[in-house]
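Q: Can you keep this structure in mind? I'll have questions shortly.
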Amino acid sequence: MSSGCLLLLLGLLTLWAELTPVSGRPRLCELPAESGLCNAYIPSFYYNPHSHKCQKFMYGGCGGNANNFKTIVECHRTCVG
């Protein structure tokens, strides 16, 4: 194999390693709990990457981020596996 092919292979492997998440969970699971801008009091769940658990929080009803699940089952299915 020529050195050009080896260099190309090394580059592709490096790119693949950079694009592959360290864990299998989506990046949204790393976001902090965010209640949003409104003042509703909606029981919701988020994945806490520090405790590695889905935890309850109160969602305000608008805004926030994607780490916001209606049920603990949905949170587990998405972020715990």
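Glycine too: its Cβ is placed from the backbone N, Cα and C atoms.
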Q: Which residue in the list C54, C62 does Swiss-Prot annotate as forming a disulfide bond with C75?
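A: Within the candidate set C54, C62, Swiss-Prot assigns the bond with C75 to C54.
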Q: If you have Swiss-Prot open, could you say which of C29, C38 makes the disulfide with C62?
A: C38
Q: Looking only at C-alpha atoms, tell me how far C79 (disulfide bond) is from C54 (disulfide bond), rounded to the nearest Å.
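A: Cα-Cα, rounded: 8 Å.
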Q: Want to know which disulfide-bonded residues, from C29, C38, C62, are within 10 Å of C75 (disulfide bond) at Cα; which are they?
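A: The disulfide-bonded residues close to C75 (disulfide bond) (Cα within 10 Å), listed in sequence order, are C29.
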Q: At the Cα level, what's the spacing in Å between C29 (disulfide bond) and C54 (disulfide bond), rounded?
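A: With distance taken Cα to Cα, C54 (disulfide bond) is 10 Å from C29 (disulfide bond).
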